[in-house]
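Structure, as structure tokens:
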Amino acid sequence: MHLRLISCFFIILNFMEYIGSQNASRGRRQRRMHPNVSQGCQGGCATCSDYNGCLSCKPRLFFVLERIGMKQIGVCLSSCPSGYYGTRYPDINKCTKCKVDCDTCFNKNFCTKCKSGFYLHLGKCLDSCPEGLEANNHTMECVSIVHCEASEWSPWSPCMKKGKTCGFKRGTETRVRDILQHPSAKGNLCPPTSETRTCIVQRKKCSKGERGKKGRERKRKKLNKEERKETSSSSDSKGLESSIETPDQQENKERQQQQKRRARDKQQKSVSVSTVH
């Protein structure tokens with residue numbers, strides 16, 4: 001019984017030594033393949049170096065080289081950072097830097113957002129937009145030029161003058177239209193949205209309600225004018241009446257004139273008598 005236990009113990013011990021030797025040989029092979037490889041990799045690294053960081057990544061992670069001064073460090077990320085695009089290969093998932101003028105990209109030849117000062121057009125970053133397109137400084141993209149669009153004209157309005165449809169022969173009529181699409185910076189300007197033309201209609205008398213305030217005002221002015229005219233006529237007639245003398249006034253006037261003549265004659269006689277003496 002004791003012999004069996006001792007033999008089992010030695011068998012287990014030999015098996016553990018065998019596993020340890022296998023792990024050691026695997027580590028020596030990895031060190032030969034990747035010099036300076038650290039066995040304590042972190043941050044998603046499958047293999048790594050104390051000097052260069054990650055050398056390979058765990059499945060589904062992307063490998064990217066980050067420059068720190070003159071040194072490049074390998075990093076494993078779940079997605080590529082801004083300015084890089086990801087490509088999956090059978091043995092590695094890799095992040096590759098976009099072009100110099102591109103901020104974010106889908107692949108090497110298709111940019112989705114340009115850096116400041118460039119305009120995006122069909123996946124490329126341009127200094128200026130091609131002919132037939134214009135730059136949108138808000139989205140920093142080359143967009144189509146938009147021209148103004150207007151609706152059809154409305155029917156002509158009724159012939160009117162000073163807001164009324166009666167009391168005149170010559171007036172004006174108007175028609176309008178709406179702007180359906182406003183133009184972009186380089187688009188054609190919008191046309192006028194209203195037109196007015198002269199119209200001639202058969203004169204018709206305004207009803208009391210149609211005369212309105214202006215009609216009442218004209219009527220009031222007419223009445224005031226007639227009243228002033230009547231006042232002027234009455235004052236003229238009074239002046240004329242005052243210039244005509246009544247028979248009594250004429251008789252008194254003649255009597256006064258006779259008295260004046262008698263007094264004059266009497267004075268002349270007295271002067272002649274004094275001269276004779």
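Here the Cβ of each residue, glycine as well, is placed from N, Cα and C on the backbone.
The feature compositional bias 'Basic residues' is assigned by Swiss-Prot to 213-223.
Taken from Swiss-Prot, the feature compositional bias 'Low complexity' covers 232-245.
Around the Cβ of Cys41 (disulfide bond), a 10 Å sphere holds 19 further Cβ atoms from the protein chains shown. Cys41 (disulfide bond) falls within neither a helix nor a strand when secondary structure is assigned with DSSP, and so counts as coil. Positions annotated as disulfide bond by Swiss-Prot: Cys41-Cys48 (among others).
Long-range Cβ proximity for Cys54 (disulfide bond), meaning a same-chain Cβ under 8 A and a gap of 6 or more residues, is found for Cys41, Gly43, Gly44, Cys45, Ala46, Thr47, Cys48, Phe63, Ile73, Gly74, Val75, Cys76. Classification of Cys54 (disulfide bond) by DSSP places it within a strand. Under the heading disulfide bond, Swiss-Prot lists Cys45-Cys54 (among others), citing sequence analysis as support.
In the three-state DSSP scheme, Cys76 (disulfide bond) is classed as strand. Swiss-Prot lists Cys57-Cys76 (among others) with the feature disulfide bond.
Secondary structure at Cys95 (disulfide bond), taken from DSSP and collapsed to helix, strand or coil, is strand. Feature annotation from Swiss-Prot assigns disulfide bond to Cys80-Cys95 (among others).
Cβ contacts within 10 Å of Cys105 (disulfide bond), excluding its own Cβ and spanning all protein chains shown: 23. Annotation source Swiss-Prot lists disulfide bond at Cys98-Cys105 (among others), citing sequence analysis.
Residues or ranges marked as disulfide bond in Swiss-Prot (evidence: sequence analysis): Cys102-Cys111 (among others). Long-range Cβ neighbours of Cys111 (disulfide bond) (same chain, at least 6 residues apart, Cβ-Cβ under 8 Å): Cys98, Lys99, Asp101, Cys102, Asp103, Thr104, Cys105, Leu120, Gly123, Lys124, Cys125.
In the three-state DSSP reading, Cys125 (disulfide bond) counts as strand. The disulfide bond feature in Swiss-Prot is assigned to Cys114-Cys125 (among others).
In sequence order, Tyr119, His121, Ala135, Cys142 are the residues near Cys129 (disulfide bond), counting only same-chain partners six or more apart with C-beta under 8 A. For Cys129-Cys142 (among others), the entry in Swiss-Prot reads disulfide bond, with the evidence type sequence analysis.
Residues near Cys190 (disulfide bond) in space but far in sequence (CB under 8 A, at least 6 apart, same chain), listed by position: Cys148, Ala150, Ile179, His182, Pro183. According to its DSSP assignment, Cys190 (disulfide bond) is coil. What Swiss-Prot records for Cys148-Cys190 (among others) is disulfide bond, and it gives sequence analysis as the kind of evidence.
Marked as disulfide bond by Swiss-Prot: Cys159-Cys166 (among others). Neighbours of Cys166 (disulfide bond), defined as other CB atoms within 10 A of its CB across all chains, total 15.
Under the heading disulfide bond, Swiss-Prot lists Cys199-Cys206 (among others), citing sequence analysis as support. Counting Cβ atoms from all protein chains shown, Cys199 (disulfide bond) has 17 others lying within 10 Å of its own Cβ.
Annotation comment: Swiss-Prot describes 147-207 as domain 'TSP type-1'. Summed and averaged per residue, pLDDT over the domain 'TSP type-1' (147-207) gives 93.
Per Swiss-Prot, the feature N-linked glycosylation site maps to Asn36; the stated evidence is sequence analysis.
Residues annotated as repeat 'FU 2' in Swiss-Prot: 92-135.
Note on the domain 'TSP type-1' (147-207): DSSP counts are 0 helix, 22 strand, 39 coil. Summary: among the disulfide-bonded residues (Cys57, Cys76, Cys98, Cys159), the fewest other C-beta atoms within 10 A of the C-beta are counted at Cys159. For the disulfide-bonded residues Cys95, Cys148, the ranking by surrounding Cβ atoms (within 10 Å, all protein chains) places Cys95 first. In the three-state DSSP classification, Cys142 (disulfide bond) falls within a strand. Summary: among the disulfide-bonded residues (Cys48, Cys80, Cys125, Cys142, Cys206), the fewest other C-beta atoms within 10 A of the C-beta are counted at Cys206. Here the Cβ of Cys45 (disulfide bond) has 21 other Cβ atoms within 10 Å, regardless of which shown protein chain they belong to.
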